[in-house]
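Since the structure comes first, as structure tokens, the remarks are kept for the end.
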2 protein chains.
Amino acid sequence: MDEFSFIDAIKPSYYKQSTLIKGIGDDAAVIRSSANDLVTAVDIFVEGVHFKRETMNAFHIGYRALAANLSDLAAMGADPAFYLVGIVIPKSWSDSELKEIFQGMKELADFYQMDLIGGDTVSGKQLTISITVFGYCQKEKVRFRHTAVQGDVVFVTGTLGDSCAGLHVLSEPGEYKNQSYFIKRHRMPSPCLSFVKELQQIPRVTLNDISDGIANEAIEIAQASDVSIHLEEQKIPVSKEFSQFPKELQHKWKYFGGEDFEILGSVAKEEWPLVKMAADRTNTQVTEVGFVTSTEMDAGNVYVHKQGRKVKLDKNGYTHLK
Amino acid sequence: MDEFSFIDAIKPSYYKQSTLIKGIGDDAAVIRSSANDLVTAVDIFVEGVHFKRETMNAFHIGYRALAANLSDLAAMGADPAFYLVGIVIPKSWSDSELKEIFQGMKELADFYQMDLIGGDTVSGKQLTISITVFGYCQKEKVRFRHTAVQGDVVFVTGTLGDSCAGLHVLSEPGEYKNQSYFIKRHRMPSPCLSFVKELQQIPRVTLNDISDGIANEAIEIAQASDVSIHLEEQKIPVSKEFSQFPKELQHKWKYFGGEDFEILGSVAKEEWPLVKMAADRTNTQVTEVGFVTSTEMDAGNVYVHKQGRKVKLDKNGYTHLK
């Protein structure tokens, strides 16, 4: 199949977004301006680095890649609208597998009324998918990571470490409880878009999506906001059968594993009940996991409180006693 | 250098576009809406497929990759504004080479007042650059490829085949006339943005950029517009010393070589003088190379007229006598 037939095969038969003037079929796509801000990000996924054929089929590769991007939109408080896909295709991938990759993206895109509006397909040695997403956000309701302040409640959606647990289940065959749950969390993560949308009445919420582990994301918020974030070990939410895995792996996956695409946030104490209500309305688990302080000396740091001790958390996965 | 230091190294110290609310430094970039349409496209460039280290240094790889994307914006009649860069980095590329790639993009971006607003850097086996560009265009002044009609003048900017000639000069060492000219055309193509901007007073101009050779681009216009395009062999513009290359290569490069990033267009006969004036004002060479007809039987076809004969041109590079 040549590039043109391939584009024909994945080209949408109609577009859902009313602001789209031109989708696939010219040198570029054209989007009419609207009252909202446009939010955009790109992510690249490489075979052997971000996914393996042994643990993900083509459909899930596409699904998960778009889910990761949508998680970025969720973390900005944006509603997804469009996506562009650049793909590097090695000879070892069949036409039907490639269509499955796009089908995986389409399943998620259709759910969120997103349009595929363009892309580029080229040949190469390593399957590589570059997705650019576009979303809309009401002006002044974009959720940045630099807005956390002292006294905030720190919260997290869902449970952490499940995606890594799922990969472990797929890579190390054995007897596991809740096996299909963990596998699904790895292959088909759910971006927290509906929950984030329900937060719109709250004037200030600081959000980051957990793509690289809560440690990393908390440090990003702490640094951008010039505050310290304190996490309470026993409050970090994990799923029911998470304790079946070795303690060391639990710790690693929970803090540094990432790819759960849950949301880490911080909000003023008085708005915390509103966050819980938003979670209830969208059937989202939300857990208070810590608090924010602000002293000049400590700005940009993240601490885990555990059995009366305070441990500093580092980006790279090491923890130093303090 | 880790990802964070690398991002710090390439992060702009300030942004030029007034519609940008947030650039690099959060989960996504935020663009405020304006009165204009937003035009966007993605292109992927892969080492060994689109460029080789033997013929392009890091600076030129970046420069040329962004130039190719800007050419898409030119073909839509858009003014460049932003770009996102996803990059897959193999271990064999040094930090200073990577910075040079971004420097190459920045040189061109600065010239057009574009802002780098985000990206993703990951590791992989093959250097791969994915660029998403964003441009602005006045409503109703977007230049599509489906608007050519019978009686139109077909024109082309610059000279064709030079980029292929440049690659030939670099790959097959020898004695060539105008060597540095051809090499520059290959390594640092100029997107026709200023020329296209000067066409704004013309109500209808059909444009495609010549990324895959004039044959391909003419066929795209012919098919999208449901017309036939006729090119006159002796009018196709080539550069002064182009005739030094073997006749067969000249033919191949001129029609199918591509990557000159010139513009192929069609416009009503009465507006043709305005196109020539726009070219004069922007110091752009523009040449009338053919005309458009429209008969039901022939829609979507492209013909080359040569010494009284009419030859049908195919996408894949073959020509069939008719």
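Glycine residues also receive a Cβ, built from the backbone N, Cα and C atoms like all the rest.
Caution: TrEMBL annotation is automatic and unverified by curators.
Annotation comment: TrEMBL describes B:25-136 as domain 'PurM-like N-terminal'. For the domain 'PurM-like N-terminal' (B:25-136), DSSP puts the residue distribution at 36 helix, 44 strand, 32 coil.
Cβ neighbour count for B:D72 (Mg(2+) 4 binding site) (all protein chains, 10 Å cutoff from its Cβ): 28. Taken from TrEMBL, the feature Mg(2+) 4 binding site covers B:D27, B:D72.
Within 10 Å of the C-beta of B:D27 (Mg(2+) 4 binding site) we count 26 further C-beta atoms, all protein chains included. Residues or ranges marked as Mg(2+) 3 binding site in TrEMBL: B:D27, B:D72, B:D209.
Annotation source TrEMBL lists Mg(2+) 1 binding site at B:D43, B:D120. In sequence order, B:A65, B:A68, B:N69, B:D72, B:S130, B:I131 constitute the residues six or more apart from B:D43 (Mg(2+) 1 binding site) in its chain with CB-CB distances below 8 Å.
The Mg(2+) 2 binding site annotation in TrEMBL covers B:D43, B:D72.
The feature substrate binding site is assigned by TrEMBL to B:H50, B:E259, B:Y318.
B:S211 (ATP binding site) falls outside any helix or strand according to DSSP and counts as coil. Look at TrEMBL and you will find B:G119, B:D120, B:R145, B:S211 tagged as ATP binding site.
The domain 'PurM-like C-terminal' feature in TrEMBL is assigned to B:150-295.
According to TrEMBL, the feature Mg(2+) 5 binding site maps to B:D212. Cβ neighbours within 10 Å of B:D212 (Mg(2+) 5 binding site), excluding its own Cβ and spanning all shown chains: 17.
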> What whole-number distance in angstrom separates the two most remote CA atoms of the ATP-binding residues B:G119, B:D120, B:R145, B:S211?
Replying inline: 32
> Looking at the binding-site residues B:D120, B:D209, B:E259, which sits with the largest number of other Cβ atoms within 10 Å of its Cβ?
Replying inline: B:D209
> Other than its own, how many Cβ atoms are within 10 Å of the Cβ belonging to B:G119 (ATP binding site)?
Replying inline: 25
> Are any of the binding-site residues B:D72, B:D212, B:E259 near chain A, where near means a Cβ under 8 Å from a Cβ there, and if so which?
Replying inline: B:D72
